[in-house]
Amino acid sequence: MLFISLDSQMMKHAWDGYVKYAWGYHELRPISRHGHSSSLFGDFSNTGVTIVDSLDTLYIMGLMDEFQRARDWIEHNLDFKKLTWGEVSVFEINIRFVGGLLSCFALTGDRMFREKALLIAERLLPAFDTPTGIPLGIVNMENGVSRNPSWASEGSSILSELGTLSLEFNYLSDVTGKDVFRQKIQKLTGTIKRLDRHADGGLYPNFINPWTGDWGDRHVSMGAFGDSFYEYLLKSWLLSGRQDDEARLMYIDAVEAAMSKLIQVSREGFTYFADSNSGRLEHKMQHLACFSGGMLGLGGFYLGEPFKRRHMAMGKAITRTCRESYNRSTSQLGPETFRFNEQLEAEGLEPEAAYLLRPEVVESYFIMWRLTHDPIYREWGWDVVLALERHCRVEGAGYSGLKNVNEEKPVKDDVQQSFFLAETLKYLYLLFSDDDVLPLDQWVFNTEAHPLPVSLPIKDISTPNPKFVFRDQK
Ligand code: DMJ
């Protein structure tokens, strides 16, 4: 009980700071006490990213006054007459807005959320107008003009971005009857399946030319630019009630290649996913890649043998390594990137030592806890709660990221990322909740931790929790 109440108090503290100083803006600057904006979510800073990203967390934690206020803002402000978006990241708008709104629709049955999700998702569709069906990364929500960022390997699309649309788009088609979203995913999946991966030993490089389907730079990673591509293959299968066999086979194929070519064991016995650059291994792992502990566990659990034992063991080992990256830092919070070499074991030095309030490590604790009930995951999660309170909490105004986790008193970066409320605090809350709060056999978390309901009843589903039944969706 103590755990649960502290987690929701943390959410209230984070939320109250945003409401007081940054309402309607993208995110909160908790030290300077005003709004923070990022070009990922529109040229203008009034699209309320934190409101949309926080909604389902507020609801799940029972913070109903806060939820109602957020819901009303969405109803009255989140439209294209009132807000000017300009250019946005297709990936970010999908995982935070479309995913967040659909999750609220699934949890509450309130059709307003479905209408808003549809309105926004339709504005993303022009990005898919390429011969391959591979979407461009940036779309102008006002006029549909789309492009890729100039820095991405000769105008390539990014694997993690193009591979992180299927959960939201397929579910949106299910609940609206509009098949266009599913069709976009089918064309895109067909293209991905046909790509030749021989040169990379079955690995998926992170950059693809959307006009020709040719690979760009030969960079492979379980972290930035790769990460949620693997996650969505597994979760597409799970969300379909384990009916989508194409997704299951693609997941096994992709993750087995990554495990056989990228998994390394350090001097002191820590297991990690290295990056690969043109065939050369780079012995580092990003905080972003730490979701893979939970992913491997979840995949192993549901795939069964011959994968179960090996994937579960690997999931546990990766989660332990990510915990070590927290344990070895002075602040007990983990760095953006940690390395393995003669001097370093799961440690990150500047300029890679920031902590941005990211969720991936507690995400893996939550999933591994649900799958194993090993109390170590709750102990490790509690250590994170204490470290957040000690170093990231800003009195009167939310939480901040840190510039260097290796300092006794780390300097704050003055940003409360919206994913802290969407993911980090939600996963901590669920880590200390009973198993029947959003059971893993009934809900699939999108990559921004927005839960979507498994679409088909399956034989071995556990008893539904009346608090989180989804209703009236058609
Ligand atoms: C979130 O937006 C999502 O988890 C995404 O998949 C990766 N990056 C951030 C959190 O670190």
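Each residue's number is its place along the chain shown, starting with 1.
Each residue, glycine too, has its Cβ placed from N, Cα and C.
TrEMBL entries are annotated by machine, without manual review.
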Among CYS290, CYS392, cysteine joined to CYS322 by disulfide in TrEMBL: CYS290
Residue among recorded positions GLU92, ASP227, GLU360, THR447 with Cα closest to the Cα of CYS290 (disulfide bond): GLU360
Closest of GLU92, CYS322, GLU360 to ASP227 (active site), Cα positions, recorded positions only: GLU360
In sequence order, those recorded positions of GLU92, CYS290, CYS322, GLU336, THR447 whose CB lies under 6 Å from ligand 1: THR447
